[in-house]
Amino acid sequence: MSSAPNGRKKRPSRSTRSSIFQISKPPLQTGDWERRGSGSESAHKSQRALDDCKMLVQEFNTQVALYRELVISIGDVSVSCPSLREEMHKTRTKGCEMARQAHQKLAAISGPEDGEIHPEICRLYIQLQCCLEMYTTEMLKSICLLGSLQFHRKGKEPGGGSKSLDCKIEECAETPALEDSSPSPVDIQQHSWQVSTDIENTERDMREMKNLLSKLRETMPLPLKNQDDSSLLNLTPYPLVRRRKRRFFGLCCLVSS
């Protein structure tokens, strides 16, 4: 390094000083970028699948609540029976489809049966199980109520029919036409056939949901299978172990106005 005219050494320029202390980082290899990108993309897909499953279970929960409200309305004189049964059929069909989709999505994101389980997945399993149990219970209630209404409509005589057809015709002849509001025998027979069809369809859907509930219990991860009913509410971080009990706020079947 040359000396300055006054005897002092020249200081290195600013660019030279910065280059001296510059730390060079080795560039990432192509494989590192791919691994980092694939890991982030996989985590994003998993979270998106979890969110979709959570939304689907919540929608099924709401559908079960709506069906329950319809079941409670069976026998209400202010509700038209044909329109009520049609609405129940639509709601029940939509709920069964949601239940099947929720089970498929939940089974896809749960991972290995003996592996660690995320608390949110555990919660979704419990919510779906509770909703299915309530759903089948409400279907059984609707079958009992529809059958009871059908029985009372036919009459309470031991023979199953209230009055003979001749008696009905005589009563209709004695009553003025403008005041005759009683249904005809043909209407009664058609109504009875429709109610019987609704009962059969409800029984079919109830059996399907019971089978789905059995599949759900079979495909549950081992940490959930090994827990009893009281400890299922202790959704602790994975791996799932028994800790002190805490309250479970995942309520089922609430309809917000």
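Backbone N, Cα and C atoms are what each Cβ position is placed from, and that goes for glycine too.
Per Swiss-Prot, the range carrying the annotation motif 'Nuclear localization signal' out of 26-31, 86-91, 242-247 is 242-247. Summarised as a single figure, the pLDDT of the motif 'Nuclear localization signal' (242-247) averages 44.
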